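Here is the structure we will look at.
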Amino acid sequence: MGRGLHLSRPVCVDVPSETDAVLGKSMKLTCIYCMKRDEIKAKTRVNWYFKPNEEKGNSSNKTHIYKYEINRSVELDGPFKGRLAWNGSQDLQDVSIQIINVTYNDSGIYECNVSREFEFDFFKPSAFLVKKIQLKVKAKATGNAAALYSEIMMYVLLVCLTFWLLVEMVYCYRKISQSDEQSTCAYSVIVGLRAINPDSNHNTT
């Protein structure tokens, strides 16, 4: 019998989290901690904290709002009770969470703490990761800046092209008008000369 196939984990890509949330919508807080070697088993613990924006003269402490350990997630008591959901991957390389029904009070700093205890034959090294996300809550979604800039430039280009075509049309119309006037004047002069000197018709033949 041949060797069994080894099913490796999907490719892990560490991407930053979005930082702009829309009032009343859901918002994913992305936290990715890629495994360096997918063949190593590890015990993973995840803790999420929240610290509201500091107002003038007031300082606030961070609050433990969510945790994941022993293959289960736990939503803790506090302002986010009933509004947080696990949005990570089964292999625990993606340990993101989702906020449901975002409010203005959700603006602030979110901290994702991930600890891994790797299992080797003779020792168990550990690793730790901390990621912070500065979240801003807006009344409505705003378009991508690059896309908006491209759209504006497209309209500017169309306006410039239209103006250029208009100038060309006016210029061509004037040239045609001038040519017609010159032809008319020349014809009038010839007719006038023939009227003054009828014999010129015979002289020109």
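Each Cβ is built from the backbone N, Cα and C atoms, and glycine gets one as well.
According to TrEMBL, the domain 'Ig-like' annotation covers 10-115.
The annotation transmembrane segment is assigned in TrEMBL to 152-173. Beyond the ends of the transmembrane segment (152-173), by six or more residues, the same chain brings no residue to a C-beta distance below 8 angstroms of the stretch.
The helix, strand and coil residue counts that DSSP assigns across the domain 'Ig-like' (10-115) are 3 helix, 44 strand, 59 coil.
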